[in-house]
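Per TrEMBL, the feature signal peptide maps to 1-25. The feature domain 'DOMON' is assigned by TrEMBL to 49-165. Per TrEMBL, the feature domain 'Cytochrome b561' maps to 182-373. Per TrEMBL, the feature transmembrane segment maps to 212-232, 244-265, 285-302, 314-334, 349-372. Annotation comment: TrEMBL describes H213, H249, H282, H318 as heme b binding site. Summarising the annotation, TrEMBL assigns region 'Disordered' to 380-408.
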Amino acid sequence: MKNFSKSVLFSSFLTIFLFASSSYAQNCANYNFANSIRSYTTCHTLPVLNSFLHWSYHQSNHTVDIAYRHTGVTTSNWIAWALNLGTGQMLGAQCLVALSNSSGQIQAYTSPISSTDYGTTLQEGPLSFAVPRMEAEFTNNEMIIYATIQLPSGRTSFTHVWQYGDVSGTTPRAHVTSGDNLRSFGSIDFASGTSVDTGSTSGGSRDRNRNIHGVLNVVSWGILMPLGAIIARYLKVFKGANPAWFYLHVTCQASAYIVGVAGWGTGLKLGSDSVGVQHNVHRNIGITLFVFGTLQIFALLLRPKPEHKYRFYWNIYHYLTGYSVIILSIINIFEGFSILDPEERWRRAYIGVLIFFGACVAFLEPYTWYVVLKRKGQSTTTPASDKYRPGHVHAANGSNGRANGYDA
Ligand SMILES: *[C@@H]1O[C@H](CO)[C@@H](O)[C@H](O)[C@H]1NC(C)=O
Ligand SMILES: *[C@@H]1O[C@H](CO)[C@@H](O)[C@H](O)[C@H]1NC(C)=O
């Protein structure tokens, strides 16, 4: 009986597996085009953006018939597939574009992108090679461009690029500039039938740099900075933790700053490497963070003595800058997540860290107030309730102006 159920299990697993792999194969070599006249000798499942490229190369007249299929789109998307005869990817690409035109029909047209035009809206225009036949269709959330291309003489191997985005009216809008939308290129040889997915594989070193950038910044700005603030705010209320909290706080923020500046540098490098792709919000918040972080280092070096008349203002300044850094860091980390588009578990892990910090604050904040209030009550006879603190230390957090930390 046990064996029987095992073999049932195994065979159903096998069926599912075969079914899944055959439906996968359906998507490429065995895919049946609605019009049975269309058939192609070669098919390649492109590595990203739900795309497939079918083609037949005719040596006699050096033409290639292609069908570029993009699944999972709607009629408010545009799709494009392009050859790039140069060394670039998007810049200089000779595009075949399909979208739903003003009469509601799916239309295919050609659009050359100049070598400088990152802001292209894919205007119609002639390509650098002839495209004797071209049409497009849309069925079952799948858009297909069919075309015959007269290949430039003497070569069959090119960089190809594919993309999609939203249409506003009948004008293609800029595509997403992160994740798979930046990996959708590779090289293709129509004669030999080979293709290399450069964008998703050898783009590895760039991906690695982006990951390093992400890790450095999440650890520094996203974890160490708030941790250091929590240490300062909640540890100093314990008499025994004085002045240890101060050194812990400084150590934590200083290492966060050093790692953070390294992370910031990798961000500048990534920015300068990806010409034409701008993540303005992320970049501007990043620059602000660097400025604020640096100001905090100066604040440490230039802080007045606790009894100095300007110390009150210094405290306000230090707190405001510090809290701004924490809030901006968290915002920018989520900005970064949406650009880098890592596996969901990384975002979840960071949300977990934030929930942990939130729980610490929720528990320690009332407790701190309780301790400070109680101490106030006991020390009404000794007005300088925080006399026990060493000179450089801020006051504990507390319930009123006297002990709220602006008054060390
Ligand atoms: C190129 O040649 C093939 C046969 O080798 C033919 O089927 C195709 O129509 C030709 N294409 C053009 C654009 O002439
Ligand atoms: C829309 O596309 C169809 C199919 O290509 C074409 O026949 C028609 O002229 C286009 N309409 C407009 C307004 O461009």
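Cβ atoms here come from the backbone N, Cα and C positions, even for glycine.
Bear in mind that TrEMBL entries carry predicted annotations, made automatically and left uncurated.
Projection of TrEMBL feature records onto the structure.
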| residue | record | contacts (Cβ under 8 Å, 6+ apart) |
| --- | --- | --- |
| H213 | heme b binding site | G263, T266, G267, L270, G336 |
| H249 | heme b binding site | G228, A229, I231, A232, L235 |
| H282 | heme b binding site | N332, E335, G336, I339 |
| H318 | heme b binding site | Q296, A299, R303 |
Summary of DSSP states over the domain 'DOMON' (49-165), given as helix, strand and coil counts: 0 helix, 64 strand, 53 coil
Assigned conformation of H213 (heme b binding site) - DSSP reduced to three states: helix
Local confidence of the domain 'Cytochrome b561' (182-373) - pLDDT mean: 88
In three-state DSSP terms, the structure that H318 (heme b binding site) belongs to: helix
